[in-house]
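Structure first, then comments.
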């Protein structure tokens, strides 16, 4: 009998360790393997390669071949067949049995996977075939998982029970882990400042000096803040525990502490043990899986690839050893297992597989199977939804073998039914597979809450309760608090700790209520029976004898070094393919520049004299700097991937060296292509020596230079870590390398005490290799007047006169630098902590609050006593037959969907009315956000059909943005301004001009108070996941920023997503108040509690596919919705106290539709509710009598000047508080000025210039100063502008300002900083280099530097505004820099530039910079003579004749130079008004 199964080309490593995890195996005879082999001599399984290496044929002979033909049926015959084939497998050696299994294959009726032909007649019949689980194809893996878990809700528990029963039948138990912790304290050290604790330039500078002072022994004001305070507890195997508490109470810190992942800057005391073993005695990161609340993934990888690589790196743990023990005992007992369970268990026990069946299983239970082949995406690139991203974050960690799961806020962005399903699966893993699970959730619905066994309540860094769920309400009742009947228990438990909410739950009406603090609750808990029981359990030592030796991991990595490296290679290769566009763009860019360069230097200089030699020298230097700059995009790409790398590294998926080696080796072909594309085009165009060996030697050096540049930028990125600092550090490194490289300043001209620097620059060796290769050729052997050859003369002048063999020394040195950079890269990846872990800054006031939490003064805000009283017009929004189409994604076309357009919304009809709070609900991916975007006019692509009316009149987008507010799901805010400033800024620009400043300020204060942001109004917003506000604070800020605009219509996309129950209640109270003022409020909502859901007046429910299935009133206690759906035959009735929103989503799910055989959309279309709604909408579609269409005299609420002032105010604050941008470029300018001053000490003095080389050297100085400080300013401006761009998109959609006002403010804000940078240079470098110390020349130099730095900054802003992301912007920017370099008049004087390129010289801003600098310094020196190319000339005449710089044209040159920053600023304003790269 023959079977053929699909196989991946990657073979796996099979573990053969004996006596394995979680088992107590009997003593097997040592010769058992030989007996197996002997017994199996009549039943042979061999692998024979077919015609294609992706297929493997298993040849099974002996008894397995019997019984293959014939018809017949009956269960007995099938069982006999199974036993006979299984018996044949049992005769094989253990190593073969571990990988072979029986899988069903349908013959005659089609099959999933390849099956052999023959037998069985024509009818379809299912037969078992022997397969090697290592080589299962994608279809076969999916088929196995589908058979085991066809319906997650019912089949998952059965599958786990089958696995458990199989193991129990042979006495094998899974490894279990108990986690306990005693008196754990965690504290952070903060630097204390006076006033607001903001990272301004001043505070940042003081912080650096204070840290330096501390290292030198001087004291500075530090304070300790307690995060966790004496917390103790136990989480046991087979139990799932819920962790609850308000934001900032220490939940995340506790989870990280238990997982052994606390930041090293935090001080931790106390004991944490796994099975009685302390954390430092094993590897907790490999024993437990910590699921972060932040979603960090590689945007270019698909969901399946992300999970496959995670599964591969995490390994199989003790599964292989457990499987080995199971099959041995089954053989001894004569047990035949279920084929599918056997195949699954064996497949997930195979180490190092490229594609894992565990991935298919995790995707199934997490609901990710439908988007398995979709790229993850990010904020600027379309990908999976936010809910799917959150599930992927969870799946990525639990796909591994860890039996301890520590999960932080895994339900954010998920609807309540999806959360319930995921937690159900986790509960089953705990109860059946004996996992130990601790989960932190924000707003668990009652039915999700009921799935947990134990509850931990935290407050202010302390444990308020830790014990069984069924005793927690008794505990709080003993404290005097009772949960109301229709209140979710989780909501009650979080609110009962809050000073503002506690009183409403006081149940002892006969006693006077007093606020009970967290400390009082803790004391009551310790005195309670549950608290005493916990203390008793903790006092008992864990019995290590009952612990399984394989329960804890003692190895840091799951794979061998070779397999780690290979897996990282596969991943890097995949990402290179996905980013092929970037690599192709870079190669094309180099090719085009090679053509331009070749035609600029095009064989016009065939005299082979000293002048031509200078041109050839210039072309070689240009090639070197071009290849160095061409690598800059590598820096941006490396830094952008670091957050994901740090996550994986901290989970011990792979080490830094395994990431660094593939990043280096796989870029070698890219460097080879770059060097080839340059050399092949430019070599003969420029006219280098036409000898093949010299061509290949030049190619080799340029290849090594490009490889070294990429390696250097990766190394710099690994230490600088952020996109703000990285480009500046890279430019600084490039500057040092070029200054000591021997071209800008020849080695003989360097100060003697700095000449050693020449030998530390890789560019020096590249120049030695290239120039020696060219100028030692026979054609340069003509003897000059000085008695040496022309080739030797040019080399001597440049200090590059070395013997021929130095070429190979140079090659060896370049290889050494490449290795050095890559070793540095690997070390940087290994030792550097992820960014965001810097020292915290805190104010004196905040310190006092933190040290006395319970004394914190708190105002009792009675929400609703003050109303948002500014005048507005109540408006109804109605819409009929709204459809929305997008282009079909490529992934769907690959799967066979042939339509060009994909419909996301289908004939949606409805209306939202003033004073009525409407909920828009549906499962994840139903189209809720899409509908809001369509109604709000936020879509940037796709086709919209249908009629949308505002107050009966057709919607006009410009007018609509004035009277509406949109709270987006993603909380996008400027990171460097405070909460209060964000809200004030929104009010300034969005409230009508007639509202005076005092009223506006009062309104802002009122909104901050209502949303409970007044206590953190001075807190910096910060960057999500790095610093600043927490997730729930950002969400409340998003709501406040929109409410402060006093809108008539408010759209809110997931206003409670990411909030805990109390924060969600605060937000919804505020939203309800807004609706009660007569405004129209619409919210999409995922997982509302009963209380939040029933706060709504009307509901619009959309099913997957964008079809409406209900639109109408909720009714008292949701009675109208319940009544409607229960009237549909077959729909199950709602249970008592069940959350109506969860029930509604469950009974309208796709699976329920299939089960009932109905279409809820069709039922709704034919219902009386729909007919009533249609009549209502008809009325709303007609303008009420006596009304007129909305009209505003101006497009924006404020006049242009006011918009400009507001934007300038915000830009001022952002610049002042971004030291990573401004402080770093100030430091760079100071560093550059010092190094130029030292290297060119007094070489600009006219008395020290004797020949043309002296002039060329000082021109190189001017060129180097301008190009490097310019590039640095441009590169550092790009990430700063990119961060603000996403905020600008939101503000522009809201109609806050004209793009011109925004751009002019951003442009204007750069001027004082650029003035400061230019002045800094003039004070340090100008006198040290020795330029003429006259007022006129000083002012001209200052003016030129200022304009140059300004146009470079504005160019950086412009290039970001016309490109989709920083990587592409970097590539285009590097093209600009290199074109400037080539045609600025430095590499080749304008008189020698061919006429077909001279126009580029005249439009190049750098050419005017050099013109002004050189002319003002040396163009008036008529009385100073120098020796130039063998003749004596006045400096002024040489400047005019050789460079074409005419002093008469100085005023014109100054005007043209000033025009460039103006031009770039205008183009920037135009670009941000025209281009939008946000895909919605």
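Each residue, glycine too, has its Cβ placed from N, Cα and C.
Per Swiss-Prot, the features are as follows:
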| type | residues | note |
| --- | --- | --- |
| COMPBIAS | 1-18 | compositional bias 'Polar residues' |
| COMPBIAS | 63-73 | compositional bias 'Gly residues' |
| COMPBIAS | 107-123 | compositional bias 'Gly residues' |
| DOMAIN | 212-485 | domain 'ABC transporter 1' |
| BINDING | 245, 246, 247, 248, 249, 250, 251, 252 | ATP 1 binding site |
| DOMAIN | 563-775 | domain 'ABC transmembrane type-2 1' |
| TRANSMEM | 581-601 | transmembrane segment |
| TRANSMEM | 619-639 | transmembrane segment |
| TRANSMEM | 656-676 | transmembrane segment |
| TRANSMEM | 699-719 | transmembrane segment |
| TRANSMEM | 811-831 | transmembrane segment |
| BINDING | 922, 923, 924, 925, 926, 927, 928, 929 | ATP 2 binding site |
| DOMAIN | 1202-1418 | domain 'ABC transmembrane type-2 2' |
| TRANSMEM | 1226-1246 | transmembrane segment |
| TRANSMEM | 1254-1274 | transmembrane segment |
| TRANSMEM | 1311-1331 | transmembrane segment |
| TRANSMEM | 1340-1360 | transmembrane segment |
| TRANSMEM | 1368-1388 | transmembrane segment |
| TRANSMEM | 1396-1416 | transmembrane segment |
| TRANSMEM | 1449-1469 | transmembrane segment |
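Locations of recorded Swiss-Prot features on the structure.
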residue : record             : Cβ contacts under 8 Å, 6 or more apart
245     : ATP 1 binding site : 251, 457, 458, 459, 464, 494, 497, 1060
246     : ATP 1 binding site : 459, 494, 497, 498, 1060, 1062, 1063
248     : ATP 1 binding site : 1030
249     : ATP 1 binding site : 458, 459, 460, 461
250     : ATP 1 binding site : 186, 227, 228, 231, 458, 460, 461
252     : ATP 1 binding site : 293, 408, 440
924     : ATP 2 binding site : 367, 385, 387, 388, 413, 414, 415, 418, 1086
927     : ATP 2 binding site : 884, 904, 905, 1102, 1105, 1106
929     : ATP 2 binding site : 969, 1053, 1054, 1084
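With a 10 A radius on its CB, residue 247 (ATP 1 binding site) counts 18 other CB atoms from all the protein chains. On the 0 to 100 pLDDT scale, the domain 'ABC transporter 1' (212-485) averages 87 in this prediction. Take the CB of residue 251 (ATP 1 binding site) and look out to 10 A: across all protein chains shown you find 25 other CB atoms.
Relative to the transmembrane segment (811-831), the listed stretch 699-719 leads the set 619-639, 699-719, 1226-1246, 1254-1274, 1311-1331 in CB pairs under 8 A. Residues 1265-1266, 1269-1271, 1273-1278, 1281-1282, 1285, 1306-1307, 1310-1311, 1314-1315, 1317-1319, 1321-1322, 1326, 1331, 1366, 1369, 1372-1373, 1376, 1405-1406, 1409, 1412-1413, 1416-1417, 1454, 1457-1458, 1460-1461, 1464-1465, 1467-1468, 1471 of the same chain sit 6 or more residues outside the transmembrane segment (1340-1360) yet have a Cβ under 8 Å from a Cβ within it.
When the alpha carbons of residue 925 (ATP 2 binding site) and residue 247 (ATP 1 binding site) are compared, the span between them is 28 angstrom. Counted over residue pairs 6 or more apart, the CB atoms of the transmembrane segment (1311-1331) and the transmembrane segment (699-719) come under 8 Å in fewer than three pairs, which marks the two as apart. Summary of the ATP 2 site environment: with the site residues 922, 923, 924, 925, 926, 927, 928, 929 set aside, the chain residues having Cβ atoms within 8 Å of the Cβ mean position are 385, 415, 930, 1102, 1104.
Between the listed binding-site residues, namely 922, 925, the fewest other CB atoms within 10 angstroms of a CB are found at 925. Tertiary neighbourhood of the transmembrane segment (699-719): same-chain residues 623-624, 627-628, 630-632, 634-635, 638-639, 642, 660, 663-664, 667-668, 670-672, 674-676, 678-679, 726, 729-730, 733, 737, 762-763, 766, 769-770, 773, 810-811, 814-815, 817-818, 821-822, 824-825, 828-829, 832, selected by CB-CB distance under 8 Å and a gap of 6+ residues from either end. Separating the Cα atoms of residue 922 (ATP 2 binding site) and residue 247 (ATP 1 binding site) is a whole-number distance of 27 Å. Contacts of residue 926 (ATP 2 binding site) defined by a Cβ separation under 8 A and a same-chain sequence distance of 6+ are given as 1102, 1103, 1104, 1105, 1106, in order along the sequence. Cα of residue 247 (ATP 1 binding site) to Cα of residue 923 (ATP 2 binding site): a distance of 27 Å. Tertiary neighbourhood of the transmembrane segment (1449-1469): same-chain residues 1299-1300, 1303-1304, 1306-1307, 1343-1344, 1347-1348, 1350-1351, 1354-1355, 1357-1358, 1361, 1405, 1408-1409, 1411-1412, 1415-1416, 1419, selected by CB-CB distance under 8 Å and a gap of 6+ residues from either end. Same-chain neighbours of the transmembrane segment (581-601): 615-616, 619, 622-623, 626, 630, 633, 637, 670, 673-674, 677-678, 680-682, 685-687, 1367-1368, 1371, 1374-1375, 1378-1379, 1382-1383, 1388, 1393-1394, 1396-1397, counting only residues six or more beyond its ends whose CB sits under 8 Å from a CB of the stretch. Note on residue 928 (ATP 2 binding site): other Cβ atoms within 10 Å of its Cβ, all shown chains, come to 26. According to its DSSP assignment, residue 928 (ATP 2 binding site) is helical. Within 8 Å of the centroid defined by the CB atoms of 245, 246, 247, 248, 249, 250, 251, 252, the record's ATP 1 site, lie the Cβ atoms of 458, 459, excluding the listed residues themselves.
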